[in-house]
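Working notes, structure below.
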Ligand SMILES: NC(=O)C1=CN([C@@H]2O[C@H](COP(=O)(O)OP(=O)(O)OC[C@H]3O[C@@H](n4cnc5c(N)ncnc54)[C@H](OP(=O)(O)O)[C@@H]3O)[C@@H](O)[C@H]2O)C=CC1
Ligand SMILES: O=C(O)C1=N[C@H](C(=O)O)C[C@H](O)C1
């Protein structure tokens, strides 16, 4: 069975990657793509007006929508999908707590899958972090993420997910963002550093140090294609699920 998808943010970096990755797959077809600036084709797909999103859902009835946009638009697209009962996969980061609440509300009417990172490598890094942190009790932890110079949110959504993983396994810790002037470490804090440069697709390093040794767990995305491929795997997996909140780790099981 071919799973048909709608793609939002078609003129964005990830929107283009998703359309390119979808063109290479036999199990998926693109029902429509939307943008706030419709007109030109992206990856051979006509780009329609984002203002017509609800109508496009009704007329094309896609199995899933794949969204990499911005926090406000993500919620609008999710609500429209919930109303239409269409599965919604989103990798949009920078959502507020209220934004996550709205996304969870959408999940009461349609299947919703959010992941701050759709790479298998980050899924593996998260498992490694959850194992290393309790094994290295009392070690200092510093998290550094590096992204392209056009990224809006900081720290990255992936960094926030990893910080939550650390809190899960060793209890809530103080997060210290950057370091300047008289700023010694306090016990148990996690230092968080965000770098922005060039066209780096995404790097995350978790450094644990203590007891005259250090362990560095690092993931580097070679291109955005890895995120697009993971999001499409998620869309194919989510398409026929019941309404509810799903996680990318379930797709990988
Ligand atoms: N989870 C993951 O694995 C990954 C997540 N991301 C996240 O995906 C998101 C997009 O990243 P990226 O593609 O680099 O960003 P871009 O800025 O390149 O693209 C975002 C696109 O979203 C649309 N958009 C933005 N704001 C609005 C709005 N207010 N209303 C409607 N549409 C809007 C625009 O598309 P248009 O004008 O065509 O409508 C824009 O081009 C970010 O949150 C990023 O952190 C990125 C990579 C991987
Ligand atoms: O904006 C990006 O580019 C990325 N955003 C995601 C994040 O905020 O973690 C995932 C990936 O690192 C690329």
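The backbone N, Cα and C atoms fix where each Cβ goes, glycine too.
From a predicted model like this one, the values you see are computed outputs, not experimental measurements.
There are 17 other Cβ atoms within 10 Å of the Cβ belonging to residue 11 (NAD(+) binding site). The NAD(+) binding site annotation in TrEMBL covers 9, 10, 11, 12, 13, 14, 91, 92, 93, 115, 116, 117, 118.
Averaged across the domain 'Dihydrodipicolinate reductase C-terminal' (121-252), pLDDT in this predicted model comes to 97. TrEMBL lists 121-252 with the feature domain 'Dihydrodipicolinate reductase C-terminal'.
Among the features that TrEMBL reports, active site, proton donor/acceptor is placed at 147. DSSP assigns residue 147 (active site, proton donor/acceptor) to a strand in the three-state reduction. Annotation for residue 147 (active site, proton donor/acceptor): spatial neighbours 156, 194, 195, 196, 200, 201, 202, 203, criterion Cβ-Cβ under 8 Å with sequence separation of six or more.
Annotation comment: TrEMBL describes 151 as active site, proton donor. The number of other Cβ atoms within 10 Å of the Cβ belonging to residue 151 (active site, proton donor), over all protein chains shown, comes to 17.
Annotated region 'Disordered' per TrEMBL: 173-192, in sequence order. As a summary of secondary structure, the region 'Disordered' (173-192) carries 0 helix, 6 strand, 14 coil according to DSSP.
Rounded to the nearest whole angstrom, the C-alpha distance between residue 118 (NAD(+) binding site) and residue 151 (active site, proton donor) is 17. Its own atom aside, the Cβ of residue 118 (NAD(+) binding site) has 27 Cβ atoms within 10 angstroms in the protein chains shown. Among the binding-site residues 9, 11, 13, 91, 116, 118, residues whose Cβ is positioned under 6 Å from ligand 2 are identified as 116. For residue 93 (NAD(+) binding site), the same-chain residues lying six or more positions away in sequence with a CB closer than 8 A to its CB are 116, 153, 156, 157, 158, 160.
Between the C-alpha atoms of residue 91 (NAD(+) binding site) and residue 151 (active site, proton donor), the distance comes to 14 Å.
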